[in-house]
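**Q** Before I ask anything, let me first share the structure, which is written out below as structure tokens.
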């Protein structure tokens, strides 16, 4: 019994991706500029993690219906309300924004009264904290450092595995993906919170994985085809890995679509941003990180890459 791999494309596909190199560069630069301008004008919709707010810790006499509670509290008109279990399923953390410390007590009493009148649970309020914007600034700095260190680690890895200009190609693609992801967040008013920082790091990982697969095939083809120039090698390598790329993006998008549809409001920002990032990362690995090698690589420099 033979098992045949699933193929969405014929074995011998020969699409000239490199012919669209200038078009893709121009398109990416325009999108990046639009993202920068949009972010500069409209900023981000910072969530409680970064903007500050109120945290109420409460214990209930039974496990609460979180989706129903989120829906009811969303009607209060006080902005984003985040409900999460911690410890046991009866322990609940309620977080919501507060424009100032003056209306702190007003919003707390509003939440307590709303919960008491809409749910049959017994509420034991254990702690109420006010999280100021200073904490949010520290979290933003920590998130930025996490992305910076991930960029540096990826650069070192690609440099060791391939060569420095391969790392530079991936770095340019990653910066492109992050800029587009941040622009998308600003345009769609997704909550900018800790989960979206995790989403950006997920996008970085996905984009690197896609690019490394193509780079690996480029290195193999440099060994096999000594008479082809670098443009032909890159085109061949992208075409040979295209079926794998399409299958990967379809399966990951379908899995992420399930999170968007059924994951609930708590992970909505994460799942929507990752969905967009998968598309952006696939585009950049094919039309940016691979074609950009033609600016640095030619036959006389390929010996180091082939030997690794």
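Every residue, even glycine, has its Cβ placed from backbone N, Cα and C.
In case it helps, Swiss-Prot gives these features for our protein:
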type: TRANSMEM; residues: 28-48; note: transmembrane segment
type: TRANSMEM; residues: 140-160; note: transmembrane segment
type: TRANSMEM; residues: 164-184; note: transmembrane segment
type: TRANSMEM; residues: 194-214; note: transmembrane segment
type: TRANSMEM; residues: 246-266; note: transmembrane segment
type: TRANSMEM; residues: 272-292; note: transmembrane segment
**Q** Most CB pairs under 8 Å with the transmembrane segment (272-292): which of 28-48, 140-160, 164-184, 246-266?
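**A** Checked against 28-48, 140-160, 164-184, 246-266; highest Cβ contact count belongs to 164-184.
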**Q** Using a Cβ cut-off under 8 Å, which residues of the same chain at least 6 positions beyond either end of the transmembrane segment (246-266) come close to it?
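**A** The answer is 6, 8-9, 66-67, 70, 74, 82-84, 206, 210, 272, 274-275, 278-279, 282.
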